[in-house]
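Annotated features in TrEMBL:
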DOMAIN    2-165  domain 'O-antigen ligase-related'
TRANSMEM  12-31  transmembrane segment
TRANSMEM  43-65  transmembrane segment
TRANSMEM  153-176  transmembrane segment
TRANSMEM  183-201  transmembrane segment
TRANSMEM  207-223  transmembrane segment
Amino acid sequence: MSFVIVMYINTRVAVVTTVLGYGIVCFFELFKNKNIYKAIKVSGILLGVVITSMVAFVKIFPYSVEKFTEGSFSDMEYVGNLDAVEHPEIRFFNKLVTRVSIWKSALELSEDRLFTGYGASDARHELVDYYKNTDQKFLAKYEFPTHNQYIDFLLKFGVLGLIGIFCFMFGIGYLGWQLKDSVIISFFLLFFISNLTDDFLIRYDGITFSALWFAIFANKYFYNTKNN
């Protein structure tokens, strides 16, 4: 049911991370479960449900195939030059080319303060000013944030900020690997990939959500270490 809901929402990152999560859970179950026959059976059922759901969804919504293939990577020749097209908000607003243009601008801006960054309060304003100074009217009009948590921390806090966010992310992955826990590893991949196309840690709910689960995973790690 959860996968059907994800397919209905039809967000590319959500679908990709969900499929990866299913794959990781099945992989770990196959190698952890002493009853290999049962593990293969459960994995086969899950795989069957995923494939059936995807085929059915494509039949009902055929545009999804174009969205996940050609639609995702189209118009990349306009990176950094979105205003070359009349009414770019109609053609580019929710496309990858817009995000890549934002990332390109943010990385170029970060080069001037690579080690110190612009600070948490000034980075967004500096980025919008950069859009204006480089005559990127579409990006300046909507004042787009970075839409990438790693670039966001680089822009705000410099190289140390980038190192810090990677330590936070891979800390979750480390706990999952040490515990051989497929759920924690799936969570790590989901959160890591999601933050490549958005910046969840600039919002209170994103910070609280990730910190809560990091604390739960860390508690499980220390509990297992203590009892073993």
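Indices start at 1 and increase along the chain as displayed.
Glycine residues also receive a Cβ, built from the backbone N, Cα and C atoms like all the rest.
Confidence for the domain 'O-antigen ligase-related' (2-165), expressed as mean pLDDT, is 84. Distant neighbours of the transmembrane segment (207-223): 168, 171-172, 175-176, 178-179, 181, 184, 187, 191, 200-201; these residues of the same chain sit at least 6 beyond its ends, with a Cβ under 8 Å from one of its Cβ atoms.
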